[in-house]
Amino acid sequence: MDKPQKDSPVDNKMTDSGKKKQPVTACLLSAAFFGSLGSSFLYGYNLSVVNAPALYIKAFYNKTWIERYGEPIGAETATLLWSITVSIFAIGGLLGALSVSFIIRVLGRKGTLLANNSFAVIAALLLSLGEKAKSFEMLIIGRLIMGVDSGIALSALPMYLGEISPRHIRGSIGQFNSILICLGVFTGQVLGLPELLGQESRWNYLFTFLALPALLQLCVLPFLPESPRYLLMERRDEAGAERAFQRFLGKTDVSEELEEVHAEARAQDNLHTVSVLQLLKGPAVRWQLITIIVTMACYQLCGLNAIWYYTNGILREAGFAENILPYITLSTGAIETLAAIISGLVIEQIGRKPLLIFGFSAMALFFSLLTVFLNFQDSVSWMPYLSYICILAVIASFCSGPGGIPFVLTGELFEQSYRPAAFMIAGTVNWLSNFAVGLLFPFIQETLQTFSFLVFVVVCVSGSIYLCVVLPETKSKTFQDISQSFAKINKIPVPSPGQEMELVLSIKPDTCEKVQDVVKMESSF
């Protein structure tokens, strides 16, 4: 217990600057890719997959209604059923986000991702067999279950990626989440082309495809390690954590990484996972929580989802034939994916904060230009082309930072004991905001017409200002360093390295189990 601290935050920074960065291992890349393939890829795929077969699905609903009730489905009923089919995905996402904290506590990060594949497989069966069973209810329930899968995935995956990554590439590895979302959207657009599965006789195979990424993840992820931070801090399995660090980092001596986790454990107010209520009441993380709520709300309310309402209309105004619209729309998915990849490559050089502020600011600029171009669209023949360029620029701006970094930040701004509850709150804000956009934008569009995008300009500008004032840069910092950067604004004193043990022991002096755990961890050095 008298042994001096090996790595204070300052020492860590000095060590990092003086040593060669470790190469990225195949184990780490495999965990990032296959973890994202069965999780965020499916979320992105489900955002776009219903667009191509929409007419065929509506025709199936009408045919089924006639067979059941002997008359065509009413226009209002048809609209209601289709609206439920589309929007219930967000309801499922909210249910998944609300349950993720409990599931992660029981199954761990990797275990949650693996168990989550069962939802994807069940949803794929319901969605692909609904037509054969003559049941549109199966499609609606399948979309709900797929939403649950996405709600769990968008919390469990960023948490897993953030905890398995060395801090000098934590942002780049975390951006696999965003890249695979964009790739999923693009894949849904490609498979929905008329030459592939976007036909009346093949549309159900678009949903059968959902099972493939889930099965691929089930084949690979069991052979990769669990989060070493979870093993050490929550399962007290130091040997397992050491083996996991060794495989992810590709080196034998991982004492520095283990000590970093131990130092974080010593500095935390609570060595056990806190509840959502405790997180909401805790003054030590108040501004971290506000920052994540604001960032996640802006992620959905910045207007990217609404941009799809205008894309096809602008393309028609530009004179593109109806039969080539699906191919031109592919450019939006391609731009999304390319911008997300570039963001992943530069995030460790530029940082999270500049990319977020740039992304929201650029979106505000191009939404403003789009509003101008839409108002002159009928008077100038080439104006629709500028509108379409603005749409592509908005998409690229979103994916350059706001499209993925909010998930990275949620994992970085909170230490281990707060993280599951933080992701639950972030996921809830994410899905409620998603639902709000889908519910309110048609009314905004009807009221404001071409000026509706100015609402999103206000959101983007407000988000940029908040992030500029409050958010510290988090690249290459330990979770403990990041937590301490909020200490002043939270009005929490920053303990010196020599006070870390006294801080932990003084918080719950009557809790013997925590004291014994800390002593056990210290003696293992």
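Each residue, glycine too, has its Cβ placed from N, Cα and C.
Because the structure is a prediction, the values reported are computed rather than measured.
According to TrEMBL, the feature domain 'Major facilitator superfamily (MFS) profile' maps to 32-475.
Sequence annotations record features per position, and here TrEMBL assigns transmembrane segment to 23-45 (among others). Cβ atoms under 8 Å from those of the transmembrane segment (23-45) belong to residues 110, 113, 116-117, 120, 146, 149-150, 153-154, 156-157, 160-161, 164-165, 169, 173, 176-188, 209-210, 213-214, 216-218, 220-221, 224-225, 247-250 of the same chain, restricted to positions at least 6 beyond its ends.
Per TrEMBL, the feature transmembrane segment maps to 80-104 (among others).
Here TrEMBL flags 111-129 (among others) as transmembrane segment.
Per TrEMBL, the feature transmembrane segment maps to 141-161 (among others).
The feature transmembrane segment is assigned by TrEMBL to 173-191 (among others). Sequence-distant contacts of the transmembrane segment (173-191) (same chain, six or more residues past either end, CB-CB distance under 8 Å): 28, 32-33, 35-37, 39-49, 51-52, 154, 157-158, 161-162, 164-165, 197-198, 206, 209, 326, 329-330, 332-334, 336-337, 339-341, 343-344, 347, 399, 403-405, 407-408, 411.
Outside the transmembrane segment (203-224), and at least 6 residues removed from its termini, the chain residues within Cβ reach (under 8 Å) are 27, 30-31, 34-35, 37-39, 41-42, 45-46, 49, 52-53, 56-57, 110, 113-114, 117, 120-121, 123-125, 127-132, 142, 146, 188, 191-192, 197, 247. The transmembrane segment annotation in TrEMBL covers 203-224 (among others).
Marked as transmembrane segment by TrEMBL: 289-309 (among others). Same-chain residues lying 6+ beyond the ends of the transmembrane segment (289-309) with a Cβ under 8 Å from its Cβ atoms: 279-280, 356, 360, 363, 367, 391, 394-395, 398, 402-403, 406, 409-410, 413, 422, 425-426, 429-430, 433-434, 436-438, 441, 445, 452-453, 455-456, 459-460, 462-463, 466-467, 470-471.
Per TrEMBL, transmembrane segment is recorded for 324-347 (among others).
Taken from TrEMBL, the feature transmembrane segment covers 354-373 (among others).
Residues 154, 158, 162, 170-171, 174-175, 177-179, 181-182, 291-292, 295-296, 298-299, 302-304, 307, 310-311, 314-315, 317-318, 331-332, 335-340, 342-344, 347, 352, 355-360, 362-363, 366-367, 369-370, 373-374, 377, 426, 463, 471, 474 of the same chain, all 6+ positions outside the transmembrane segment (385-409), place their C-beta atoms under 8 angstroms from a C-beta of that stretch. For 385-409 (among others), the entry in TrEMBL reads transmembrane segment.
With a threshold of 8 Å between CB atoms, the same-chain residues lying at least 6 positions outside the transmembrane segment (421-444) that come near it are 86-87, 90-91, 93-94, 96-98, 100-101, 104, 151, 154-156, 158-159, 273-276, 278-280, 285, 288-289, 292-293, 296-297, 299-301, 303, 305-306, 309, 406-407, 410-411, 413-414, 452, 455. TrEMBL lists 421-444 (among others) with the feature transmembrane segment.
Feature annotation from TrEMBL assigns transmembrane segment to 450-471 (among others). With a cut-off of 8 Å between Cβ atoms, the residues of this chain six or more beyond the transmembrane segment (450-471) that come close are 287, 290-291, 294-295, 298, 301-303, 306, 352-353, 356-357, 360-361, 363-364, 367-368, 370-371, 374-375, 402, 409, 441, 444, 489.
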* Asked: When you scan the chain for residues with a C-beta under 8 Å from the transmembrane segment (354-373), skipping those not six or more beyond its ends, what do you find?
  -> 295, 298, 302-304, 343, 346-347, 383-384, 386-387, 390-391, 393-394, 397-403, 405-406, 450-451, 453-454, 456-457, 460-461, 463-464, 467-468, 471
* Asked: Is the transmembrane segment (324-347) close to the transmembrane segment (80-104), in the sense of at least 3 CB pairs under 8 angstroms with a sequence gap of 6 or more?
  -> no
* **Chain residues outside the transmembrane segment (324-347) and at least six past its termini with a C-beta under 8 angstroms from it** => 48, 52, 171-172, 175-176, 178-179, 181-183, 185-186, 188-190, 192-194, 198, 311-312, 315-316, 355, 391-392, 395-401, 403-405, 408, 475
* Over the domain 'Major facilitator superfamily (MFS) profile' (32-475), work out the mean pLDDT and round it to an integer. => 90
